[in-house]
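> Provided herewith is a single structure, encoded as structure tokens, for subsequent inquiry.
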Protein chains: 2
Amino acid sequence: MPRSKGPAQPPAETGPAAARHLPEATLVRLTQYLRALTELREAGRARASSEVLAEAAGVNSAILRKDLSLLGSYGTRGVGYETEVLAQRITECLGLTHEWRVSIIGAGNLGRALSGYGGFRNRGFSVVALFDASPDLIGRDVNGLRVANVAFLEDVLTFTRTNMAVLAVPGPVAQGLVDRVVRVGVRSILSFAPVVLQVPEGVTLRKVDLATELQILAYHAQQAAHADPERS
Amino acid sequence: MPRSKGPAQPPAETGPAAARHLPEATLVRLTQYLRALTELREAGRARASSEVLAEAAGVNSAILRKDLSLLGSYGTRGVGYETEVLAQRITECLGLTHEWRVSIIGAGNLGRALSGYGGFRNRGFSVVALFDASPDLIGRDVNGLRVANVAFLEDVLTFTRTNMAVLAVPGPVAQGLVDRVVRVGVRSILSFAPVVLQVPEGVTLRKVDLATELQILAYHAQQAAHADPERS
DNA sequence: GTGTGTGAAGTGTTTCACAGCT
DNA sequence: AGCTGTGAAACACTTCACACAC
């Protein structure tokens, strides 16, 4: 903090775990930095400059430095960042020291794909339950989990101490499930259902929508075709 | 256009299909409006005000009107928007009149889930091929598609006139596949691989990253817990 | 009267460029 | 000398609020 305004007043951090209210765009990039740092560490690099890190994360170095400065001063001028220290710091900020217990609702193709996704088990996420409504699926073993009956959703969520829910169900039933999940205290939901969902204050909902992604690609492809009408 | 600046100069639209360079954020919402319009039309509504439409799409009405104004004047003051006309207009703008031929690369859990996803077949997207490298999967029938050998990727992409690729493969092989896909002229790629990917100018790449989504949820949950330390 | 379309203001994010620490 | 951390400028996006068309 090289500049003091008026009477010296250190910025009153409540400790190294501070950093309130990170911008949404920064959060997305922090996860990328974390991945890049993991790769660099596996490659044996103890230090990296903002330039190197930015390259590995696929962003420019100015925004990387700006993002990291929001977490506090964790680099060394003239040298760079220590990969281990920085990775630890980002992990802390993102709340990944906490253990997150994820339940997946919907054991169709997508739900099964998610339950087997390796990225979950890393970094403090563990899948603790998988639900479905279909008698054909209930009781079956999927990636080491027994598919539970969604009729018992509330009991199982409570018993497993679930604190994150992933919805991989058809649109029409999604809102009802959101309501049930919220009622037993889950406050973080990731939905793959292509519908608008309402959640009360204090509950975070994120959506992934495959149709939206394709439609945006279509737009850009069409634009490119306008500029250069060649390959369809 | 109620206001002319200086000598009358109509905004030189090249026709109703114009609307260059829509902001990324607007594109995302346009897909939501399109879905909302489809629902409204199915419910028999021929007209809707920005208020009603915004509610159905889960956004506020001011931004909806601003977004739609970028496509031209398609509403009627004092009345609202005609659902059919507007849906048609958005469909046009997004490039969904074109037929998009999608190949899915990777027939693991996720690739299979994607190939069966109903949202693809609607709105001009058709899945024309599904690839894998594993002898256990090649030749098997998945949702009416025979899994093709990724060794023949180039030939099959060309033969099927693929113009969009979806990557559902492990991180380490993703960049190589991007390069191959780009080399045969595909310019729109959606990747589920959790790695930074490089594409040349003129190719659009979008990424969906499950680990990132969960990590962002974790951050918000942690923030909420700081404010109100109660349920884990 | 009603509800769109849009300037203007407000807010958020990125880039620039360089002072200052190592 | 080199690289971080950060004000300041530029850019992007959202919200406000109201003139105007119907």
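Each residue, glycine too, has its Cβ placed from N, Cα and C.
All TrEMBL annotations are machine predictions without curation.
From TrEMBL, here are the annotated features:
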- A:1-21: region 'Disordered' (REGION)
- A:32-71: DNA-binding region (DNA_BIND)
- A:96-196: domain 'CoA-binding' (DOMAIN)
- A:Gly106, A:Ala107, A:Gly108, A:Asn109, A:Leu110, A:Gly111: NAD(+) binding site (BINDING)
> Listing the binding-site residues A:Gly106, A:Ala107, A:Asn109, which lie under 8 Å (Cβ to Cβ) from chain B?
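Near chain B - Cβ to Cβ under 8 Å - we find A:Asn109.
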> Taking the Cβ of A:Gly108 (NAD(+) binding site) as the centre, count every other Cβ atom within 10 Å, in any protein chain shown.
16
> Through the lens of DSSP with three states only, how would you label A:Asn109 (NAD(+) binding site)?
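A:Asn109 (NAD(+) binding site) sits in a helix per DSSP.
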> When the DNA-binding region (A:32-71) is classified with DSSP, how many of its residues are helical, how many are strand and how many are coil?
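Helix (H, G, I), strand (E, B), coil: 28 helix, 2 strand, 10 coil.
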> Around A:Leu110 (NAD(+) binding site), how many other CB atoms lie within 10 A of its CB?
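Other Cβ atoms within 10 Å of A:Leu110 (NAD(+) binding site): 24.
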> Go through A:Gly106, A:Ala107, A:Asn109, A:Gly111, the listed binding-site residues, and name the one with the sparsest Cβ surroundings, counting other Cβ atoms within 10 Å.
A:Asn109
> Per DSSP, how many helix, strand and coil residues does the domain 'CoA-binding' (A:96-196) have?
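Tallying H, G and I as helix, E and B as strand, the rest coil: 34 helix, 29 strand, 38 coil.
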